2 protein chains.
Amino acid sequence: MLKKLQNHINTNLSFLKEKKLLLAVSGGIDSMVLVHLCHHLQLDFAVAHCNFQLRGNESDDDENFVKSQIENLSPRAQSRGKIPLFTQKFETATFAKEQKLSIQVVARKLRYDWFYSLLANHNFDFILTAHHLDDSIETFLINFTRGSGLDGLTGIPEQNDKNVRPLLIFSRNEIETFAQENNITWREDSSNASDKYLRNKLRHDVIPILKELNPSLLSSFENTIKNLKQSQSLVDDAAKIVYEKVASEEEHHTVFDLTKLLKYPNHQAYLFRWLASFGFADWNSISDILIAQSGKQVLSNTHILLKNRNTLLLFPRQQTADEAIFWIEKDQVEVKVPLNLTFCNLSDISVQSTNVIFVDEEKLQFPLTLRKWNEGDIFYPFGMKGKKKLSKFFKDEKYSLLDKSNAWLLCSNDQIVWVIGKRQDERFKTTATTKNILQINYIE
Amino acid sequence: MLKKLQNHINTNLSFLKEKKLLLAVSGGIDSMVLVHLCHHLQLDFAVAHCNFQLRGNESDDDENFVKSQIENLSPRAQSRGKIPLFTQKFETATFAKEQKLSIQVVARKLRYDWFYSLLANHNFDFILTAHHLDDSIETFLINFTRGSGLDGLTGIPEQNDKNVRPLLIFSRNEIETFAQENNITWREDSSNASDKYLRNKLRHDVIPILKELNPSLLSSFENTIKNLKQSQSLVDDAAKIVYEKVASEEEHHTVFDLTKLLKYPNHQAYLFRWLASFGFADWNSISDILIAQSGKQVLSNTHILLKNRNTLLLFPRQQTADEAIFWIEKDQVEVKVPLNLTFCNLSDISVQSTNVIFVDEEKLQFPLTLRKWNEGDIFYPFGMKGKKKLSKFFKDEKYSLLDKSNAWLLCSNDQIVWVIGKRQDERFKTTATTKNILQINYIE
């Protein structure tokens, strides 16, 4: 096992050599074996142990066990002293109560926050954890059981960011054998993983049957995830290549050209993939938006996806794209982005407010547009004779700089119909001869 | 269930409508439900039942059961008569013995051969089988257990070629409920699937646990395979886009430009994918060939992959690419394609035969090449004074047309060194001043 790990580090993880490593050690068999392996290989490492204080004396016994074990390890390299040990007690339960989070989520956060502060304060390069191949197959099956995409079926990653898992090439069996042969002692693992029940069920009830069906399940699994990782890399390539053909990134938003995108028979697959990283998960509504009218939108927690004629616009919810023009089709009943408007045809006029206007539909040229103002814009303020520079209007109305930048214009053929929420334009007002009155409401 | 299937056919399988369908019916619950559903939906279908005669009376009882069930179905559409029924007895066991194949493989072959002959002779458009969602999840887990690529993890396909599986959207539960509610009778299924043991184990021991862990396992699974199919379609796109950039298809072989290919960090993933369909499965040797010397080759059952300088050549094993030029580097010790040659530096000359030549290494310009002859080739036959047209040489040596097309030339700087297996060239022979003798052996 020592040879195999040495080889693995030389071949695949050579970036670990000559680096300062921090080992996450619970005191369980996996992490204790990791300690001994790193010690034998004379790697430059320290040990970090978290005491979450969730099981009273047992937690403290774990901490003391790790302490005594690490102290008893004799220095291997002449130049090095004792193995540095960091321990930290956490008020996990209190913290969880305060933050209204689950113990598992809090423990995870406390653990990683502490690791990263150790990394920063003591100049460690990487955190090593003792996940192995059996953990990885369990993760695969958990994700499969819950429903997953390709990403969830490529096992535990060997590295993400500063976290490295050098034991993923070993089975639980190999680790147990090594522990026995080298008289390594450990404490029964007391994982706080949120999926502990799932994991145990898979470990004790499911995986043994799969191993009976295929005694070399683990090596088949290694091949499977190797294959799937390769497929994943091809998926990434395709997503990137087609994105570059179809999408253009403006300053504040991204434009997807639907004319180009829809030429791909699997255009949904591309769109889902691009949008997933912006928090979109309701694929039905994204399928719908492809065939929806202009103005239709889908929201994620952070972003807005807006159908805008033959494009899709993607932008953060907090900011609308100031330079963008939003189109409004005839008979469209509402706009939600960049602001809330509703449209309805009326036979008689009943309400009046600065947030409601009535216009003569026949005077409009659809699609209407919504845009910010430009220097040089003019309009015909409702109830006045003649035109006025919009900049003058703003000044007279004592608009602040912010007011001006927040102002939206509803336009027909680029003529201002409404300085929204402020003043309607004279040219589009209803008259005695108006046949169809269009009521437009602005809901702040 | 009827509504859901109707919907599914309208939305996703509309190509089935107005077509002549052949239903594969064993008499088990799944296929009997399929019969009733198609009957209710007034689809235009016939029934085919295979009697593999593997379980004596039981097999015959199955056949009779299907016969009586189909006869008792009253015609739904006025214009149609009775449902046509085809049955066929197979001497499966005898056949398997004769062909030295497993019962399962033979049964599958007999079944599909017969179906396709029915299709051709009676103008059916599609074969419908009754696979359902539980079958699909079992297939996923079988492939996962055995080790698989992405292809094996996308469930049972809804369609391949003429085979359509319209019930994949239903669970076994739904099918059982429908059978009960509609008083459908069936015979206990007697599948001859080669993976029957595996399937039963997964069905009874594994999947129930997964369903306990996630009661909506089946719908999660539907999402998973939907995701994976989308990923698969992106993988296909990437493989195609990069193939077009890197590979060129000549008349008899394909050339992969390694200079271009190696620019992709995941070049192995591409190569594995392209080569898998040519029967290559030993990925280690393909990784090796990328960094190997020119002349190195890997064989599949049907094809040869040859490293040829900064390209890889792929061609069928039966035929070598006549127009191709094969390069031989200095110190290369063997060539296996297009024919077997070995090279060794010698200090003294001991053997002589037309299949062995000795040349002065200093007179050679590496890389040497192997190629077929061209009109206008000349050489200096060993032991003769002066040059000779190769065409004249062939004539004098009474070469047949076939002999000529089979002849290979070993060349240095396009000068003929050896008409292989026939005559060495005078210019490259060893002399008293030769320092390094190169022995070249042709092994027929």
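Each Cβ is built from the backbone N, Cα and C atoms, and glycine gets one as well.
Taken straight from TrEMBL:
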BINDING   B:S26, B:G27, B:G28, B:I29, B:D30, B:S31  ATP binding site
DOMAIN    B:368-440  domain 'Lysidine-tRNA(Ile) synthetase C-terminal'
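Across the domain 'Lysidine-tRNA(Ile) synthetase C-terminal' (B:368-440), mean pLDDT in this model comes to 87. Counting residues per DSSP class in helix, strand and coil order gives 16 helix, 26 strand, 31 coil for the domain 'Lysidine-tRNA(Ile) synthetase C-terminal' (B:368-440). Shown are the binding-site residues B:G27, B:G28; the one with the most C-beta atoms within 10 angstroms of its own C-beta is B:G27. Other C-beta atoms found within 10 angstroms of the C-beta of B:S31 (ATP binding site) number 24, with every protein chain shown included. Secondary structure from DSSP puts B:G28 (ATP binding site) in coil.
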